[in-house]
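The ATP binding site feature in Swiss-Prot is assigned to 69, 70, 71, 72, 73, 74, 75, 76; the stated evidence is sequence analysis.
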C-alpha cells in the first residue's frame, strides 16, 4: 500500500484508523483512490451511437440520470433502447411506469425483452420511489427507468381534495427519496433513469421560461442530465411523415465533458436508427465520403442519398461492422466497453431550471 505521508508516526496512526473504520463499517468503506482496482466509470450503451460518444462512452453505471424534454421528443424511446441494450448484455431491467402508459408492443419492437422486463405501476409517488430504492439496494437490477417524475404524485395529494393548495409536496418527496437512493446506487452499480417533463414559468421576461418538475433535488443528484428535443420531422414524398430528427444536449455530465450535442433519427414504429447514426459518424470521420448526393466507401459509390445509404448498411451488416470498427479507431474509442459516436457541435441550449 502506498504511503500518504513521509512521517512514519502519522502513517502508522492513519493505517490504524483506516483499519478501525473498515472493521466498523465494512471493507471498502474507505480507501486510497489510487488503490482502487477500477477507477474508470463503467458505462452501458444508450442505444444511439452518436449519443454514446457525446456521453464519453455511454450511460455511466451507478449513477442517477435525468432525461427531460417536451412531449413526443423521444424520452421514453431513448430509455427503452437503453433497457434493450442492458438486456442484450444479459442484464436485468426494471420499468417503474408511474404514468401507466407503457406500450409492450412498441417496447418489443425496440428490442426490449418484455417477458423478462420487471414492470411496476404504483399508485403513489412514495410507493414508486420505495420500489426504486429496494431494487437498487438488491444489487440484482442493472437499470431502473422511472416514467415520469411528473407522475410521482404524493399520497397526501391523492387523498386530498382537488382544490387543496399543497405547495412543495413533490419536491420534498423527491429530495428525501434521492438522499436514500444516492447512498445505495454507487454500491450496486445500477443505472437509475428519471424521465421528466417540462413546464412553463409565468411572467418570465429574460431567460428560458422552461422548468423541469419535481424540484431541484434531481438536478443536483443526477450525474448526467440530457435535454432531448425534436428538431425536424422526417418526410418521404407521398408516404408522408415517417420519423423525427432528435437533438440531445448533454446539459450536465460529472464523468465526461458536458455540453456536447448528439443527433439521431427516430423512425416511427422502429425506434432509433442505428445505421443512420453510423452514416453520420462515418461521414464525420471521413470513413465514408459524400460528393453531392452520392455516398462512397473505399472509393466506390454505395448509395445515392442518405436514406439509400442507410438501407445499404442495413442490407450489408458485414460492411457496417467494418465501418463501425474504423469509426471507433478514428475517434479513439476502441478501448471503451460500449463505444459510440457523437457530434461535437457546440450549439447551446438555454438552461432549464427546476420547478419547486
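A Cβ is built for glycine as well, from the same backbone N, Cα and C atoms used for every other residue.
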Distant-in-sequence Cβ neighbours of residue 75 (ATP binding site), under 8 Å, six or more positions away: 67, 68, 69, 147, 148, 195, 196, 228
Other same-chain residues whose Cβ falls within 8 Å of the Cβ centroid of 69, 70, 71, 72, 73, 74, 75, 76, the recorded ATP site, in sequence order: 228, 230
Binding-site residues listed as 72, 76, least Cβ neighbours within 10 Å: 72
Residue with minimal Cβ packing [other Cβ atoms within 10 Å] among the binding-site residues 69, 70, 74: 70
Reduced DSSP assignment, residue 72 (ATP binding site): coil
The one of 71, 73 whose CB sees the fewest other CB atoms within 10 Å, among these binding-site residues: 71
